[in-house]
Amino acid sequence: MLYRIARAGIFKLDAEKAHDLAIQNFKRFNGTPLDIFYRQNLASKPVEVMGIKFKNPVGLAAGLDKNGECIEAFGAMGFGFVEVGTVTPRPQSGNDKPRLFRLIEAEGIINRMGFNNLGVDNLVENVKKAKYDGVIGINIGKNKDTPIEKGTEDYLICMEKVYQYAGYIAINISSPNTPGLRTLQYGEALDDLLSQLKEKQKELAEKYGKYVPVALKIAPDLEDDELTQIAESLIKYKIDGVIATNTTLDRSMVEGMKHAEEMGGLSGRPVQTRSTEVVRRLKELLGDNLPIIGVGGIDSYVAAKEKMVAGAELVQVYSGFIYKGPGLVRDIVNNI
């Protein structure tokens, strides 16, 4: 009820201004009596995935806390894990504004943010300071001005810098808002990326004396043969997990709605069915070789359960959280 009242005011603001205001307030309220507005004490529902113990299987998807500024606040809401980023080697401002749009009648969001972030070094400092007893995933990407043929270098730079501080590392090659990025999902480009990531992971595991899992985040807009090839590569290179899915370019579910024709990736309820289909197909292809983290349109316990029945061992929320608030986390954790 409280969030529904607050949302009415928040949704009168420009979407990105509302996001920035929320981040500022979470930073301001954290650790003060005012965090009572979002703090939730949830029952422990521990699971072990990728060799990591999670307090519960519900996580915050990347993109909401790009710079790792509010990790404790999201932890206070009951998330079992928080994925920060996407972060790049160097700071970048992202695409021109406006670049974030609500499709309220569909409970969807279109974004073309373009990996706006303060850089990996800033993120690492925030993660180091965070007092959170859950799992922190760090989502990494490439800078827009890095040629795609040199993109792997950006991932390796970020991986080296975040390795000590990450519970797991997510490799984002599926955002539609960085030109050419999705080409890394295919063929030799994918194999080259995965092989170099595994080599770097082995090197860093020996250096720091701990093994940090690596998960690949993929798009929903993949043909079956493309999905099959990705699954084969994930198994071949012994990648630790896969996150399915990122945002979609498909607009068939939102035709005629305000903002539907805006460029960018569509998330929220409109991508729910397709992302679940990808999870289900991945499970068929992967078997028990590696776990799936399901994300895309999860806006209720029922939607989370659908992802898990399809084959996901963990779930993440973002757009559903924007529309439903912290109560969504409670709903899923209590009923899972």
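Just so you know, glycine gets a Cβ as well, placed from its N, Cα and C.
GLY297 is the only one of GLY114, GLY119, GLY287, GLY297 that Swiss-Prot places in the FMN site (with ALA62, GLY63, LEU64, ASP65, LYS66, THR86, ASN139, ASN172, LYS217, THR245, GLY268, TYR318, SER319). Counted over every protein chain shown, other Cβ atoms within 10 Å are most numerous around ALA62 among the binding-site residues ALA62, LEU64.
The distance from the Cα of ASN172 (substrate binding site) to the Cα of LYS217 (FMN binding site) comes to 5 Å. Each residue contributes its Cα atom, and for GLY268 (FMN binding site) and GLY114 (substrate binding site) these two points are 18 Å apart. Only SER175, LYS217, from the recorded positions ASN139, SER175, LYS217, TYR318, place their Cα within 10 Å of the Cα belonging to ASN246 (substrate binding site). Recorded residues LYS217 (FMN binding site) and SER175 (active site, nucleophile) have their alpha carbons 9 Å apart, per Cα-Cα distance. Spanning the listed substrate site, residues LYS66, ASN111, ARG112, MET113, GLY114, PHE115, ASN172, ASN177, ASN246, THR247 have a farthest Cα to Cα distance of 16 Å.
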